[in-house]
Amino acid sequence: MKGLFSALLVPFDEEGNIKEQGLREIVRQNIDVQQVDGLYVNGSSGENFMLTTEQKKAVFKIASEENNGDVKLIAQVGSINLDEAIELGKYATELGYDSLSAVTPFYYKFTFDEIKNYYNAITEATGNNMIIYAIPALTGVSVSMDQFDELFQNEKIIGVKYTDANFFMLERLRKKYPNKLIYSGFDEMLIYGVVSGVDGAIGSTFNINGKRAKQIMELCHAGKVAEAYEVQHVTNDLIEKVLDLGLYQTLKEVLNVKGIDAGICKKPMHSFDSGKKGEVKQLVTDFDL
Ligand code: SI3
């Protein structure tokens, strides 16, 4: 379960339907071209929180069929509807997903006890392993060190996808929990995560820039941090531009330019600004995507 996991993009048509063939092409692009070690399915990058339960199941099924055992699979099943999270967790477990992951429940100000019960309920009902998806900037939920201590008492909770820039806490977690899996979540800060000893990374931009991300990890592991930093600089020149043009819209547009049917984003997210298509073509050339 170590290494680089692409947070899988999901292509939609104008009506918000999943484009199955395009999704299969994105899975293959990640495995065959970006050479990632795994896929993180139905995360933020999959626009998961805007999908129906049936659509989420369809994404799990198509991704696992197309993967066909090639790389490791993590199923993000988190939902503030706990029944849905459990239903999805059971479904992904039956499909053979290597681990579940669930975002911390959001919107309502859930108490820590409620959050802990949510994770314990999912692991108990599914019997599968769980990776906590901590992304305080989007959920407003910050998990403290003491709370991680409590959550990690559940042996089925095998790690955390740590999408935060608190590197002091990351260092503390790494030292205290050498046997839990820690995944870095911000692609633009990958090098700091790797130097802090993460086991892997999960990110959206790996769908188009996985090879460079892998280089950053490998160079750091070989002790060549200065060289890794040069690759991070190039990566961040790319990410800065992608964020400026619109994150998921631009990642999809890059794939579209490469001949992969990545469709468009699901409403209410807007589609890529067609007046800027030339800028994306330039990105593909400039960054050799
Ligand atoms: O699907 C997912 O859950 C993710 O891709 C999470 C991941 O941490 C990404 N975060 C979000 C909110 O998309 C990052 O990869 C992020 O897109 C990237 O670092 C650019 O900011």
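Yeah, the Cβs are placed from backbone N, Cα and C, and that goes for glycine too.
Computed from a predicted structure; not experimentally measured.
Annotation source TrEMBL lists aceneuramate binding site at SER44, SER45, THR163, GLY185, ASP187, GLU188, SER204. Counting every protein chain shown, the number of other Cβ atoms lying within 10 Å of the Cβ of GLY185 (aceneuramate binding site) is 27.
Marked as active site, proton donor by TrEMBL: TYR133. Neighbours of TYR133 (active site, proton donor), defined as other CB atoms within 10 A of its CB across all chains, total 26. Following the DSSP three-state reduction, the secondary structure of TYR133 (active site, proton donor) is strand.
Annotation comment: TrEMBL describes TYR133 as active site, proton donor/acceptor.
Less than 8 angstroms from the CB of LYS161 (active site, schiff-base intermediate with substrate) sit TYR40, SER101, ILE131, ILE132, TYR133, ALA134, ILE135, TYR183, GLY185, ILE202, each of them six or more residues away in the same chain. Annotation comment: TrEMBL describes LYS161 as active site, schiff-base intermediate with substrate.
Residues annotated as pyruvate binding site in TrEMBL: ILE202. Cβ neighbour count for ILE202 (pyruvate binding site): 28 (other Cβ atoms within 10 Å of its Cβ, all protein chains included). ILE202 (pyruvate binding site) falls within a strand when secondary structure is assigned with DSSP.
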Fill in the blank from the handout: Of SER45, LYS161, SER204, the recorded positions whose C-beta sits under 6 angstroms from any atom of ligand 1 are SER45, SER204
Practice task
With an 8 Å cut-off on Cβ-Cβ distance and a minimum sequence separation of at least 6, pull the same-chain contacts of SER45 (aceneuramate binding site), or say none.
Solution key: ALA7, LEU8, LEU9, SER204, ASN207, TYR248, LEU251
Practice task
Would you mind listing, in sequence order, the residues at least six apart from SER44 (aceneuramate binding site) in the same chain with a Cβ closer than 8 Å to its Cβ?
Solution key: ALA7, ILE135, LEU138, SER204
